[in-house]
Amino acid sequence: MINIRKTHPLMKIINNTFIDLPTPANISSWWNFGSLLGLCLIMQILTGLFLAMHYTPDTATAFSSVTHICRDVNYGWIIRYLHANGASMFFICLYAHIGRGLYYGSYAFQETWNIGVILLFTVMATAFVGYVLPWGQMSFWGATVITNLLSAIPYIGTTXVEWVWGGFSVDKATLTRFFAFHFILPFIIXALAXVHLLFLHETGSNNPTGIPSBVDKIPFHPYCTIKDILGALLLILTLLTLTLFXPDLLGDPXNYTPANPLXTPXHXXPEXYFLFAYAILRSIPNKLGGVLALLLSILILXFIPMLHTSKQRSMXFXPXSQXXFWXLVADLLTLTWIGGQPVEHPYXXMGQLASILYFLLILVLMPMASXIENKLLKW
């Protein structure tokens with residue numbers, strides 16, 4: 001009997017992606033984050049869809065419509081907070097996924113890695129425009145500050161900012177277009193994720209040793225499906241705990257004040273997941289320089305395959321590279337903390353040091369550590 005799972009054009013794709021996919025036998029829990037990101041995306045699209053049914057993208061009613069969702073819509077409060085905290089979970093999974101790729105040398109799959117970098121930019125753009133929609137103080141001023149960065153571009157800057165705003169300030173037109181972007185981008189992300197997966201399945205997954213694992217493969221189902229379900233349950237548990245016990249833990253109190261163009265909040269600061277980039281932006285005294293550093297802090301990921309000097313793919317057996325990697329993680333956590341602090345004496349200088357260290361680690365120290373290891377191993 002011919003198995004429909006393996007012959008039907010549509011079922012065949014699903015089968016080769018989630019069922020009969022040959023998977024390395026030794027991949028660790030760090031390989032769970034890909035499926036968790038897929039789960040996050042589906043969850044965000046679904047909660048977002050239900051929020052969009054009750055939201056009005058208009059300066060006069062946006063803030064009230066969010067309040068209406070929380071108070072009058074059945075289970076609106078949980079949909080709203082799942083969506084807001086789901087974004088934080090999305091970024092936690094995203095950074096873990098990228099960290100895994102850096103540590104185990106998964107960036108050697110160049111197409112997969114480059115599409116991943118594009119995905120990161122798209123998700124960041126989506127999160128930014130989404131944060132503007134509730135039209136609170138932080139939404140409004142966040143939009144003003146970040147879109148204003150375009151004005152740092154020489155000659156065309158000012159025109160470009162007014163073009164993005166659709167006027168001479170962040171106003172009705174800006175909110176409406178941001179809602180349109182926020183609605184369309186997740187579907188673009190879904191398409192890009194499929195392409196990301198397509199390129200990954202051309203080569204097969206990497207594994208913790210960084211050695212080709214064609215000799216030792218297992219079917220994805222049931223081994224990895226059950227493992228992914230466990231990861232998903234832990235993700236849902238974390239998200240629900242956060243949403244039901246401390247929904248405003250990661251939010252900003254200033255966003256419970258309706259947007260007012262005449263009064264600036266004490267400290268404009270982005271959401272938890274953008275603080276490291278914000279700290280890098282702030283640490284450079286020049287506007288254009290700051291914008292370039294901000295862009296480069298993410299774009300640098302695309303250059304990592306070119307900076308790989310080691311004769312080994314993974315960092316699993318390379319202690320000096322590990323030290324540099326964990327120093328980078330600590331540096332990013334430091335930047336995240338500083339991004340949330342006011343621009344005062346100790347923080348300003350610490351932010352500058354942490355920003356310099358960030359680029360130094362990636363561009364100089366990590367490639368150097370790999371070169372030293374090669375020498376020590378007489379390779």
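Cβ atoms are placed via backbone N, Cα and C, with glycine included.
If you look up Swiss-Prot, you'll see 33-53 (among others) marked as transmembrane segment, on the strength of similarity to another entry. Here the transmembrane segment (33-53) has long-range neighbours at 69, 79-80, 82-83, 86-87, 89-90, 93-94, 96-97, 100, 182-183, 186-187, 189-190, 193, 228, 231-232, 235, meaning same-chain residues at least 6 beyond its ends whose C-beta is under 8 angstroms from one of its own.
What Swiss-Prot lists as transmembrane segment is 77-98 (among others).
Swiss-Prot lists H83, H182 with the feature heme b b562 binding site. The secondary structure of H182 (heme b b562 binding site), as reduced to three states from DSSP, is helical.
Annotation note: H196 (heme b b566 binding site) sits in a helical segment as assigned by DSSP. Same-chain residues at least 6 positions away in sequence with a Cβ under 8 Å from that of H196 (heme b b566 binding site) are, in sequence order, T112, I115, G116, L119. Taken from Swiss-Prot, the feature heme b b566 binding site applies to H97, H196.
The transmembrane segment annotation in Swiss-Prot covers 113-133 (among others) and rests on similarity to another entry.
Below 8 angstroms of C-beta separation, residues 17, 37-38, 41, 44-45, 48, 52, 55, 57, 112, 115-116, 118-119, 122-123, 125-126, 129-130, 132-133, 143 of the same chain, each at least six residues beyond the ends of the transmembrane segment (178-198), sit close to that stretch. Among the features that Swiss-Prot reports, transmembrane segment is placed at 178-198 (among others).
A simple way to gauge crowding: the CB of H201 (ubiquinone binding site) has 15 other CB atoms within 10 angstroms, across all the protein chains here. Per Swiss-Prot, the feature ubiquinone binding site maps to H201.
Per Swiss-Prot, transmembrane segment is recorded for 226-246 (among others).
Marked as transmembrane segment by Swiss-Prot: 288-308 (among others).
Positions annotated as transmembrane segment by Swiss-Prot: 320-340 (among others).
Within its own chain, the transmembrane segment (347-367) has Cβ neighbours under 8 Å at 279-280, 282-284, 293, 296-297, 300, 304, 307-309, 321, 324-325, 327-328, 331-332, 334-335, 338-339, 341, counting only residues six or more beyond its boundaries. Sequence annotations record features per position, and here Swiss-Prot assigns transmembrane segment to 347-367 (among others) based on similarity to another entry.
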Worksheet entry | Spatially closest candidate among H83, H97, H182, the listed binding-site residues, to H201 (ubiquinone binding site) (Cα to Cα) | H97
Discussion item. At a C-beta cut-off of under 8 Å, are there same-chain residues at least 6 beyond the transmembrane segment (320-340) that contact it? List them, or none.
Written reply: 99, 102-103, 269-270, 272, 274-280, 282, 310, 347, 350-351, 354-355, 357-358, 361-362, 365-366, 369-370, 372-373
Discussion item. Can you tell me the CA-to-CA distance separating H97 (heme b b566 binding site) and H83 (heme b b562 binding site), as a whole number of Å?
Written reply: 21
Worksheet entry | Those residues of the chain, 6+ apart, with a Cβ under 8 Å from that of H182 (heme b b562 binding site) | G48, T126, V129, G130, L133
Practice prompt. Take a look at 113-133, 226-246, 288-308 and tell me which one has the most Cβ pairs under 8 Å to the transmembrane segment (77-98).
Written response: 226-246
Worksheet item: Who sits close to H83 (heme b b562 binding site): which same-chain residues at least 6 apart have their Cβ under 8 Å from its Cβ?
Response: Q44, T47, G48, L51
